[in-house]
Amino acid sequence: MKKLDGKLGTREFVALLLLTISLKVTDSTPTILLGKGENASWMLPIISASTILIPFLFLLSLLKKYKDKNIVEIGYSLTGNIFGFIIGMTLFLMMFVGTIANSRSYVEIISPMFFTTTPVPFLYILLLFVGYFVANRGFETIGRTAWLIVPYISVALALLVIFVWTDLDPIFLFPIAGPGLKELVLSGVKNTTIFGELILIGVIYPFLRSYKTFKNGALLSLILTTITLSLFLAIYVMAFSFPPAKFIAFPFQNLTRMAQVGEALEHSESIYLGFWVMASTIHFAVYLYLAAALFAYTLKLKELEPLILPIAGLCFFVGMIPENYVETVFKFREGYFNIYSLIFFFLPILLWSISRWKGRNSG
C-alpha cells in the first residue's frame with residue numbers, strides 16, 4: 001500500500017475527527033437519541049463514549065505492539081487470510097453503509113429546507129462529488145483542510161448557543177434521569193456506534209506521525225465530541241421541550257431558524273448553511289477515504305485513491321433506492337446502530353485476546 005506524501009499531526013487529526021463525529025448533532029442522530037433517552041438524552045453520548053473507550057484502549061495496545069500496521073493488517077496477521085478478509089470486508093461494509101445512510105440523510109436536510117425546487121439526485125451528486133474532490137487529494141489534505149475550518153465552525157456554533165440562549169428552558173431537562181437509569185445505560189451502550197469512527201480510523205494509523213499522535217488526538221477528540229453532542233442534545237430538549245423534540249427530524253436546522261441577530265440578520269439559518277456545507281464536505285471526504293482505505297487494505301491493493309470515485313458512485317445509486325427515505329433511514333439507522341455497536345465493542349477485544357494468546361504460546 002502506497003503511503004501518503006506527508007503524515008498528519010495531532011491538531012489536524014483532532015480537527016478531522018471533530019468534523020467527522022461532532023457533525024452528527026446536525027443530522028438524524030439526535031432524533032434517534034432523543035427517542036431513546038427522552039429529556040435525559042444528553043447523558044447518552046457520555047455513556048456511549050465511556051463504552052467505546054474500552055475497545056479503543058485495546059485497539060491502542062494492538063497498534064502500539066504492531067507498530068506500522070493498521071487494524072485490517074493486524075486482523076490478517078492474527079487470524080490469517082480467510083478471517084482477515086472477513087474482518088476487513090465487514091469493516092468496509094460498515095463504513096460503506098454508513099456513508100450511504102449519512103449522505104442521503106444530509107441531502108434530505110438541505111432539499112426541503114433550503115433547495116425545494118432543486119432535484120434530489122442533483123444535490124446528492126453534488127454532495128458526493130465535492131466530498132470525492134477533497135478525498136482524492138489525499139488524507140493529509142483532508143486533515144489540513146479540517147484544521148483550517150474547525151476554528152470558524154467552532155465560533156459559529158458558540159454564537160448559535162449564545163443567540164438562542166434566552167429561548168432555552170432548563171425545566172425541560174427534568175426529571176433528570178428521563179426514562180430511568182437502567183434504560184439510559186442500555187441505550188447508551190447500544191448506541192456506541194456514534195463514536196465508531198474511533199475504531200474505523202485505525203485503518204489510517206500509518207498515516208499519522210506517531211503512536212502518540214494517534215492516542216492523544218483520538219482521546220482529545222473523544223472528550224470534545226462527547227461535550228459537543230451532550231451540549232446540543234440538552235439544548236434541543238430545552239429549546240423544543242419534550243416530547244415534541246423527538247418528533248423533529250432535523251433539530252439543528254430548526255435551532256438555526258430560532259437564532260435572530262437583530263433585524264439585519266433575521267434569517268441566520270442561511271449563514272449557518274454555509275458553515276454546515278463546509279463541515280459536511282470534510283465529513284464525507286473522510287467517510288469516502290476511509291471506505292476506500294478499508295476496501296484497498298482488505299483486498300491488498302497498492303492504490304486506494306482510484307477507488308474513491310467508484311465508491312462515491314455506488315453510494316449515489318444505492319442511496320437513491322428508498323423513495324420515502326426519512327421513514328426508511330430512521331428505522332434502518334436504529335437497527336444498524338445496535339449491530340455496529342456490538343462489532344465496534346468486541347472486535348478490538350477479540351483481536352487483542354488472540355494476540356495475547358499467540359504471544360503466550362510462542363513464549
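Every residue number used here counts from 1 along the chain in the order it is shown.
From the backbone N, Cα and C atoms, a Cβ is placed for every residue, glycine too.
Bear in mind that TrEMBL entries carry predicted annotations, made automatically and left uncurated.
Straight from TrEMBL, the features:
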type	residues	note
TRANSMEM	44-63	transmembrane segment
TRANSMEM	75-97	transmembrane segment
TRANSMEM	109-134	transmembrane segment
TRANSMEM	146-165	transmembrane segment
TRANSMEM	185-208	transmembrane segment
TRANSMEM	220-242	transmembrane segment
TRANSMEM	271-295	transmembrane segment
TRANSMEM	307-325	transmembrane segment
TRANSMEM	337-354	transmembrane segment
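Between the transmembrane segment (109-134) and the listed ranges 44-63, 185-208, 271-295, 307-325, the one holding the most Cβ pairs under 8 Å is 271-295. Remote same-chain residues near the transmembrane segment (307-325) are listed as 96, 99-101, 103-105, 107-108, 120-121, 124-125, 128-129, 131-132, 135-136, 288-289, 291-292, 295-296, 301 (criterion: CB distance under 8 Å, separation of at least six residues from the stretch ends). Of the candidate ranges 146-165, 185-208, 220-242, 185-208 contributes the most Cβ pairs within a distance under 8 Å of the transmembrane segment (44-63). When Cβ-Cβ distances below 8 Å are used as the criterion, the transmembrane segment (185-208) is approached by residues 3-4, 7-9, 13, 17, 20-21, 24, 29, 32-33, 36-37, 43-52, 55-56, 59, 63, 68-72, 91, 94-95, 98, 139-140, 214, 217-218, 221-222, 225-226, 229, 286, 289-290, 293-294, 297, 336-338, 340-341, 344-345, 347-348 of the same chain, each at least six residues removed from its ends.
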